[in-house]
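Peer 1: Let me give you the structure first, and then I'll get to my questions.
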Amino acid sequence: MLRVFVLLIFNVNAYCMYLNWTSHDRPNIVMIMSDAFDGRLTFQPGNKVVQLPYINYMRELGSVFLNSYTNSPICCPSRAAMWSGQFVHLTQSWNNNKCLHPNATTWMDDLRKSGYHTHSMGKLDYTSGHHSVSNRVEAWTRDVPFLLRQEGRPVTDLVGDASTKRVMIKDWTITDAAVQWIRNTTASLTQPFALYLGLNLPHPYRTDSLGPTAGGSTFRTSPYWLNKVSYNQVSVPKWLRFKDMHPVDYYSTVTKNCSGHFTEEEIRNIRAFYYAMCAETDGMLGEVMAALRDTGSLNKTVVLFTSDHGDLAMEHRQFYKMSMFEGSSHVPLLIMGPGVKSGFEVSLPVSLVDIYPTVLDLAGVPQTGGLSGHSLIPLISRVSIHSAEPHPAWAFSEYHGCNANTSTYMLRIAEWKYIAYADGLNVPPQLFNLSKDESELRNIASQFPDVCQDLDKLLRSIVDYPSVSKSVHRYNKQQFLEWKQSLGDSYSQVIASLRWHVDWKKDAKSYERDIDEWLLGLD
């Protein structure tokens, strides 16, 4: 027993040496996780379009990761990966309804066990059983051969006036609570604290006019925040013609209700409103930073800012997430605090599963086995560190939810982004050279078959994606069949009332037949 205790103390001290801390002087840890924040806005030239003073402050005094990715571009699976430190296919977090068990171990649990005073506030969204029935059914039926609009058409909504700072009241309320907790609780603590604050912004708001099942397609802000946006810097992204789109991207464009006509003014306004919502998010980050500063905790606290995914904001003729394009999959990741390099940029691809081992290193807690990620501390520490398990040169993401009609797998390495689908045979892959094609408009997979072959081999060493795709396909059918049987005679009425109801009612019987034929192949 004594030997185990001595080894534990040795390990804690060894980890704390990474950042010149002792086991008795561990840092506080504060993580702010937004929702749908485009990571490209956190570094030049992306942040020229909108004023983000507190993100810029973190970048100047800390380290920013230039190629940080979600492990699944949708809310719940992404957060499940971040909290568990495991890839989505390992936890089988297939969609917004199927994620972690409520009792799953998270890095916050490990911090609490190691002596931290822990507190989580706001949006968590990493356990199973949540989100709307419509969202679940759309995910389960994504490979049924019909094409229905599932989202409201993206729109803008300007509220208040030039003095209206608080638009997303729910987020401001929880931010106020976090600020009060810092001001009123932390001073009396005898141990370090770990605070998690989850925000909803800049996720678009639900479009109430579309009914209770509607998704988030309203970009809402006030003149106060819109004034933070340089409107003349807001670009109108180029779109491929429908016939030139990848089949999965075309499906996404239609189901997201973006296949109709949009004027340049509409597109620019949607993007400007989205950037304004990012500015409001930055304002909440600033409130937390001010509370840490005013209580004398800032110089003893490591602060992390990230997001579960981004938002396409009309790039590739889409909004929302659910895509491996940069606007959707590229997330912010900034870390500042004692021992962290200042004004430092990390170009190595990383992802949200890296947060778990990173937080353990920050706290001087020995690493947990079975994690998919790697600690980022050796990359940003002011002290030169030799890592026994250096971070790989790639980042990996996967998607199995709604608004994409097959499972999607993305590998990001060097200048390449490789995207594979389904079993790797029936849907063609995509390959982009991001150093030459930042807008991802030129799929060069057919021009570089050797690169695709090499990257596909690497991808298969990470995940047996044909087998995973088959498992998800089987799960979707089983879940839908159970849901259908539970409804009995009300099935036709209920399925017709979901978010696709506008298109569904045009030929309800035909769509029901499509589903019945799909179910006949139940594995």
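Glycine is treated like the rest: Cβ placed from N, Cα and C.
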Peer 1: D25, D35, D354, D361: which one does Swiss-Prot list with C75, D308, H309 for the Ca(2+) site?
Peer 2: D35
Peer 1: Quickly, which of N20, N184, N405 does Swiss-Prot have down as N-linked glycosylation site? Just give the residue.
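Peer 2: The candidate carrying the N-linked glycosylation site note in Swiss-Prot is N405.
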Peer 1: According to Swiss-Prot, one residue among N257, N299 carries the annotation N-linked glycosylation site; which one is it?
Peer 2: N257
Peer 1: Which residue among N103, N433 does Swiss-Prot mark as N-linked glycosylation site?
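Peer 2: Among N103, N433, the one Swiss-Prot marks as N-linked glycosylation site is N103.
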Peer 1: Among the binding-site residues K123, H246, H309, which residue has its Cβ surrounded by the fewest other Cβ atoms within 10 Å?
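Peer 2: So among K123, H246, H309, the binding-site residues given, the one with the fewest Cβ atoms within 10 Å is H246.
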Peer 1: Using only C-alpha positions, which one of N103, K123, H246, N257, N405 is spatially nearest H309 (Ca(2+) binding site)? These are the recorded positions in the record.
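Peer 2: For H309 (Ca(2+) binding site), the closest Cα among N103, K123, H246, N257, N405 is found at K123.
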Peer 1: As a test of the contact definition, list every same-chain residue at least 6 positions from D35 (Ca(2+) binding site) whose Cβ is closer than 8 Å to its Cβ.
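Peer 2: Same-chain residues close to D35 (Ca(2+) binding site) (Cβ under 8 Å, separated by 6 or more) are C75, K123, G198, L199, N200, L201, P202, H203, S307, D308, H309.
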Peer 1: Cα-Cα separation of N405 (N-linked glycosylation site) and N257 (N-linked glycosylation site), in Å?
Peer 2: 15
Peer 1: How many other Cβ atoms sit within 10 Å of the Cβ of N103 (N-linked glycosylation site)?
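Peer 2: If we count other Cβ atoms within 10 Å of N103 (N-linked glycosylation site), we arrive at 7.
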